[in-house]
């Protein structure tokens, strides 16, 4: 492990076009449940009696807008979450002009909360909301502080700005993410199993020098990586910052 940390530190220190790609494992230490792991959010949602895929779908929003927004308020609004040391480390490298930014599969908005400026949120964010009918925009504080569920303009359901099952990923976001990956000299994957498509397929566009994967479990890209560390991200970053 010590040798891996030394290698990681050397690669990071010698890179000036790092792109980060993050998944659910990065936010677990902030209290955000992993969607798919045992005991994660999907397991909790299943207790509501409907499939997680349906409850997080465009179909459910259209079939039962009231049920959809009540579900979002009950299960998705992570009110007390704060960025952890991994989010802070990524933001610091961007401020130091070593990083092109971060691409994330997460919807918690914690990269932006940590100060990262160049964030491509592939699946949207819970930091923004809008009316499903008239598309009026709302902030997270509008929804949480005022417990606002219906648009004050037209009465429509206020939904989070996330990509639901049955919806397409935002193409401008995909293009920006591809640009970050194609121009990176180092791509650091953190806390992602790299199996959720089409987002995970972006990794195949990396042509730079160093692919680094830090994840508790194996990924389909491990054999292509310069360095693989199967460990907790928070522990790795803490150790890295004390080297």
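Just so you know, glycine gets a Cβ as well, placed from its N, Cα and C.
Note that the structure is predicted; figures quoted are calculated from it, not measured.
Swiss-Prot lists 123 with the feature active site, proton acceptor. Look at Swiss-Prot and you will find 24, 35, 36, 105, 107, 108, 123, 192, 193, 215, 232 tagged as NAD(+) binding site. Marked as nicotinamide binding site by Swiss-Prot on the basis of sequence analysis: 35, 107, 108. According to Swiss-Prot, the Zn(2+) binding site annotation covers 131, 134, 151, 154. Annotation source Swiss-Prot lists domain 'Deacetylase sirtuin-type' at 1-243, citing sequence analysis.
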>> Just to verify a number: CA distance, residue 131 (Zn(2+) binding site) to residue 123 (active site, proton acceptor), in angstrom, no decimals.
In response: 18
> Ranking the binding-site residues 108, 232 by other Cβ atoms within 10 Å, which is at the bottom?
Replying inline: 232
> When a 10 Å sphere is centred on the Cβ of residue 193 (NAD(+) binding site), how many other Cβ atoms does it contain?
Replying inline: 20
> In Å, rounded, how far does the Cα of residue 151 (Zn(2+) binding site) sit from the Cα of residue 232 (NAD(+) binding site)?
Replying inline: 41
>> According to DSSP, collapsed to three classes, what secondary structure does residue 131 (Zn(2+) binding site) have?
In response: strand
> If you count Cβ atoms within 10 Å of the Cβ of residue 24 (NAD(+) binding site), leaving out that atom itself, what do you get?
Replying inline: 23
> So which of the binding-site residues is most packed in, judged by how many other Cβ atoms lie within 10 Å of its Cβ, out of 107, 131, 134, 154?
Replying inline: 107
>> Please list, in sequence order, every residue of the chain apart from 131, 134, 151, 154 whose Cβ lies within 8 Å of the Cβ centroid of the Zn(2+) site.
In response: 132, 133, 135, 136, 152, 153, 155, 156, 158
>> So if I draw a 10 Å sphere around the Cβ of residue 123 (active site, proton acceptor), how many other Cβ atoms end up inside it?
In response: 18
>> Between the Cα atoms of residue 123 (active site, proton acceptor) and residue 232 (NAD(+) binding site), what distance do you get, rounded to the nearest Å?
In response: 23
> Within 10 angstroms of the C-beta of residue 151 (Zn(2+) binding site), what count of other C-beta atoms is obtained when all protein chains are considered?
Replying inline: 20
> Taking all residues of the domain 'Deacetylase sirtuin-type' (1-243) together, what is their mean pLDDT?
Replying inline: 91
>> Tell me the Cα distance separating residue 108 (nicotinamide binding site) from residue 24 (NAD(+) binding site), rounded to the nearest angstrom.
In response: 9
> When the Cα-Cα distance from residue 193 (NAD(+) binding site) is computed for each of the binding-site residues 108, 134, 154, which gives the smallest value?
Replying inline: 108
